Amino acid sequence: MSDKDVSTPRVFLIRHGQTEWSQNFRHTSTTDIPLTDRGEKQVRASAKYMYGSGKLIDPAKLAKVYVSPRQRATRTYELLSGKTDGYEITESLAEWHYGEYEGLKPAEIRAKRKAQGLDKDQEWEIWRDGCEGGESPAQVSSRIDSLIKTIRDLQAPHMQDSEPKDVVLVAHGHLTRAFAKRWLGYELSFPLSLMMEPGGVGILSYQHHNINEPALLLGLGFPSQE
């Protein structure tokens, strides 16, 4: 972030660390499984470089922390921050409800839908088609949009001051990418390809200190040591 935008509020979007199912590419929403040992190491590595006084995510600058209700998300924040409190659980950050596709791999979902006579003209795409027995893109967008409004109401009065105003969100693979799309004002079906590594951190912010110009912070500039 350039010097002129250094006081602009930010939203840190964090994906939980690896689980057994994410390692095997199985869709995991309501199934409440823990992080693997590797998943915990991923989060601790992110914490070492990114969380702490004077680091990218500075606790002194945080106004709010929102976390998905699943244990893989709450454990991620506790490992990241070294705290077991100080965050708010919200269903707005729960993973996309996969319904009939819970626990299945993408190829298994496509085979299941083909057997049901679906997707005759084009392959299944969650961003467009949603999940049978689960959530549609419109339903996911609705709950994300509600949280975005809450965050912007919190940050709008502090676009240039030095008050704590950064926000941390800890969620899941599809949900973090869906959140970024909605932050930018895109429908979930918009062909914006985004990736989020387990234990990874993404940054959302605003251009020109303007609450009406939400942006994806694509790269950070490091301060001069002179």
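Along the chain as shown, residues are numbered 1 onward.
Yeah, the Cβs are placed from backbone N, Cα and C, and that goes for glycine too.
Caution: TrEMBL annotation is automatic and unverified by curators.
Taken from TrEMBL, the feature active site, tele-phosphohistidine intermediate applies to His16. According to TrEMBL, the active site, proton donor/acceptor annotation covers Glu95. Annotation source TrEMBL lists substrate binding site at Arg72, Glu95, Trp96, His97, Tyr98.
His16 (active site, tele-phosphohistidine intermediate) sits 17 Å from His97 (substrate binding site), taking the CA atoms of both as reference points. Residue pairs drawn from Arg72, Glu95, Trp96, His97, Tyr98, the listed substrate binders, are separated by up to 17 Å at the Cα level. In sequence order, Thr28, Ser29, Thr30, Ser68, Arg70, Ala171, His172, Gly173, His174, Leu175 are the residues of the chain that are 6 or more apart from Glu95 (active site, proton donor/acceptor) and have a CB within less than 8 Å of its CB. Comparing the recorded positions His16, Arg72, His97 on other C-beta atoms within 10 angstroms of each C-beta gives the minimum for His97. Other residues of the chain with a Cβ within 8 Å of the Cβ centroid of Arg72, Glu95, Trp96, His97, Tyr98, the substrate site, are His27, Thr28, Ser29, Thr30, Ala94, Glu102, His172, His174, Leu175.
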